[in-house]
Every structure is written in C-alpha cells, then in structure tokens.
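For reference, the structure is listed below as structure tokens.
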Amino acid sequence: MNKKIAIVTGASSGFGLLAAVKLARSFFVIATSRQPEKAEQLRELAAAHNVSDSIHITALDVTDEQSIVSFGKAVSAYAPIDLLVNNAGTAYGGFIEDVPMEHFRQQFETNVFGVIHVTKTVLPYIRKHGGAKIINVSSISGLTGFPALSPYVSSKHALEGFSESLRIELLPFGIETALIEPGSYKTSIWSTSLSNFMSVPADDSAYHQYYKKILSYVQKNGEESGDPQEVADLIYQLATKQHIKNLRYPIGKGIKLTLLFRSLFPWSAWESILKKKLFS
C-alpha cells in the first residue's frame, strides 16, 4: 500500500466524518464507528468525493474493552500507523448537584478512558514509524469551565492533561501529539448527545431558573456556530505538515480572543462577564 495509514475514531458523524473524507485524499483511512452498518452518511460523502477506495469502515466502541482488543488485532495488519485521530466523544450536561454519578463515569469512559485505551492499543504500531502523529480532538471546554456542562468540561480538561504528558513522552520517538480545541460548531454532539444526556433540573430545583437562561444562551450560540469543515481542514493541515510545532490549536469564532482575555485578566473579570451573561 503506497498511502500512509490513518485511524479516525468516531467517524460516522461530525468532525470525524468530515476529517476521514478529507484525510482520504492523502491517507488510507481506517474509519471507526460503533455501528459501521449505520455509517451511511460516511459512505455517501466518501463516494461523492471519490475516495471510497481509500476508506475502510470498521467497528470500534471506545468504551468496550473487548471491542478495543479486537480493533487492535485488526489494525496490526496495517502497521506501521502514521496518524491517529482520537475524535470519538459525547457530551453529558447538567448542574453538578443534579447530575448522577453514573453520568460522570460514562462521560469519562468515552472522552478520557476511551482515548487512553485506544492510544495505548495503537502506540506499538505508531512507534514503528518515526514522524507519526496523534491528534486528539478536545474542546474550548478543556480550557475554560461552563455551568451546566460540568461532566463534559471536566472530561475535556482531563484529556488536555493526558495529551500534554503524551506529547512529551513521545518526543524521543519522533512522534508529535496535538490538541484541537474547537469552539461552537454545528455537530451532532450538541443536538443528539445533550438532548439524550442532559440532567434537566426539576421545576422545584434550585437551579431551574438558571438552567432556562443557560439553555437559551447555548441555543443562541449554537445558531451562530461555525462550519465543522473548518475543523476537518485543520486536522488535515496538521496531519500533512512535516512537523506539528505546537501542542494546542484553538479554532472557532471568538475563541482566540476569549483565550487572550483569560490570559491577560484575573479570574474575577472573567467571572463577572459570565455572571452578567448567564445569570442577570
């Protein structure tokens, strides 16, 4: 096989779908989905871009140990692996007091432990090739907190720490790790995940009135969100560069300005802005 080999997890929708199709221009892509038989959108988009022959769709549930073990055995046939894009993720929401502990655990199983387990499984095949890359899809939520999204926010903060350590550990092997930190984009993680996994406060909950205001803000923000193709294009750009010089790559409307504000001003200033926007 002449093409380099890339793995993209969570490739049946959102960033993963678009990234898999874009990467197929230059890579042979192993695109994973929990239910490959339902990845019709990926098949159709790949056909539309004439890259169907460069994409292999396979089963992977990043929360299931046996699924990861089976995936690892299958991937060994493609070694060495040149690129791993850890994109699979979901979003649980709600106020901390209202969110069941099981939701926190499930959130971390997908967004943190799933990434760690897949990375550990694939690393032996990545280390065989100097110049390989690992791209972890994080979020602006991995850099700044937001109310009513604590399970998601805390999982992305954990992913940031894992990725930072991973990058340093793999430098001696010529393997570079990067974090992509999108802001608000039109993907199914918000429309599907939060509608299924949001712990909505009861009418008599102390948080009910605040939930309505925050939900209104999130919905308005969603209407102004960006095109997810921007994120897929950034993944492709980093994947095809000779070197990934930085660890973090924030992307999205107003994100860099937000991070600049956070770095220049004290927490109290940021808190005042959030309080005014969300609770006043």
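Positions of Cβ are set from backbone N, Cα and C atoms, glycine also.
For TYR152, the entry in Swiss-Prot reads active site, proton acceptor. Cβ-based neighbour count (10 Å, all protein chains) for TYR152 (active site, proton acceptor) stands at 26.
According to DSSP, ALA19 (NADP(+) binding site) is assigned to a helical segment. The NADP(+) binding site feature in Swiss-Prot is assigned to 3-29.
Spatially close to SER139 (substrate binding site) yet at least six residues away along the chain are TYR152, LYS156, GLU181, PRO182, judged by Cβ distances under 8 angstroms. According to Swiss-Prot, the substrate binding site annotation covers SER139, on the basis of similarity to another entry.
By a simple count of nearby Cβ atoms, those within 10 Å, the most crowded of the binding-site residues PHE15, PHE27 is PHE15.
The binding-site residues examined here are ALA19, LEU23; by Cβ neighbour count within 10 Å, the least packed of them is LEU23.
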